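Copied over from TrEMBL:
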type	residues	note
SIGNAL	1-22	signal peptide
DOMAIN	51-176	domain 'Corticotropin-releasing factor binding protein N-terminal'
DISULFID	Cys59-Cys80	disulfide bond
DISULFID	Cys103-Cys140	disulfide bond
DISULFID	Cys182-Cys204	disulfide bond
DOMAIN	184-306	domain 'Corticotropin-releasing factor binding protein C-terminal'
DISULFID	Cys236-Cys263	disulfide bond
DISULFID	Cys276-Cys317	disulfide bond
Amino acid sequence: MSPFKLQCHFILIFLVALRGESRYLELRETGDHDPFLLFSADLKRELAGEQLYRRALRCLDMLSLQGQFTFTADRPQLHCAAFFISAPEEFITIHYDLVSIDCQGGDFLKVFDGWILKGEKFPSSQDHPLPTTERYIDFCESGLSRRSIRSSQNVAMIFFRVHEPGNGFTLTIRTDPNLFPCNVISQTPNGRFTLVVPHQHRNCSFSIIYPVAIKISDVTLGHLNGLQLKKPSTGCEGKGDFVELLGGAGLDPSKMMPLADLCYPFHGPAQMKIGCDNVVVRVISSGKHINRVTFEYRQLEPYELENPNGNSIREFCLSGL
């Protein structure tokens, strides 16, 4: 397994990345709180009611649920982060209910608009509407003047450091509808999605953090059919609107290998197996047209990774498998 296998092992890998070690047994405490809450159907049914879900927040955590979460240090906690993910068609709002930290003593609490891991960001700097410096919101600088912070996509995170036992904070996570989701990390290894960019000059990425078989069924671009594998002398350069498939072993789409281009309207299906840890469907838009791509994806089975056949791309990703 490569260092970036972000399947059901997200939390363990984040811990290694943040702390430079593999002490993750603290996350395996009694099963009162499953760190992978996005898989809990019973809990999601419970949240469908009016009652606000509440639980403690760990030094390293991952959540996909609305609710109120409280972190209280029981010892100095110096390298902490919580990753939030919602449905593709949602924004995430982080609201500070109570903050008790010592900023002068070296504590901090920062929100990042997106995810960042080992220096790689999602969305990438090329795809996000804000410069990187503006994607960080530091409580110790802004205080409660920015009590609620809304993400630009379906993922966000916080970094925090608390030295004094007993100090900490409480925050509430809410989600709001996003009519035209642009940058998305998929919650699941299988699914179907339509990425629409309506007359906006921006790039939008849909990230699937699994090796997948991906089937593109429809592409609507502002300008006439074809899927072509990426070659040094070919591509979609000069086209203002196109779709590209990317693969890699990191989080940042701008650092991934271009695998295929879709330069023209296309009515599939076209299918490809991509054995990379992270597969991204990316739409580049000039802002002059309404661009749309519809695709389905499913996680590759182990035997498919070991014995590829048909239309598959593995050579760029073999080092991670």
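Any Cβ shown, glycine's included, is placed from N, Cα and C.
Residue with the densest Cβ environment among the disulfide-bonded residues Cys59, Cys80, Cys103, Cys263, Cys276: Cys276, by other Cβ atoms within 10 Å.
Minimal Cβ crowding within 10 Å, among the disulfide-bonded residues Cys140, Cys182, is found at Cys140. Comparing local CB density within 10 A for the disulfide-bonded residues Cys204, Cys236, the maximum falls on Cys204. Within the domain 'Corticotropin-releasing factor binding protein N-terminal' (51-176), the DSSP-based counts of helix, strand and coil residues read 12 helix, 67 strand, 47 coil. In this structure, the C-alpha atom of Cys182 (disulfide bond) lies 19 angstrom from that of Cys263 (disulfide bond).
The domain 'Corticotropin-releasing factor binding protein C-terminal' (184-306): residue composition by secondary structure is 8 helix, 67 strand, 48 coil, according to DSSP.
Cα distances from Cys204 (disulfide bond) to the disulfide-bonded residues Cys59, Cys80, Cys103, Cys236 are smallest for Cys236.
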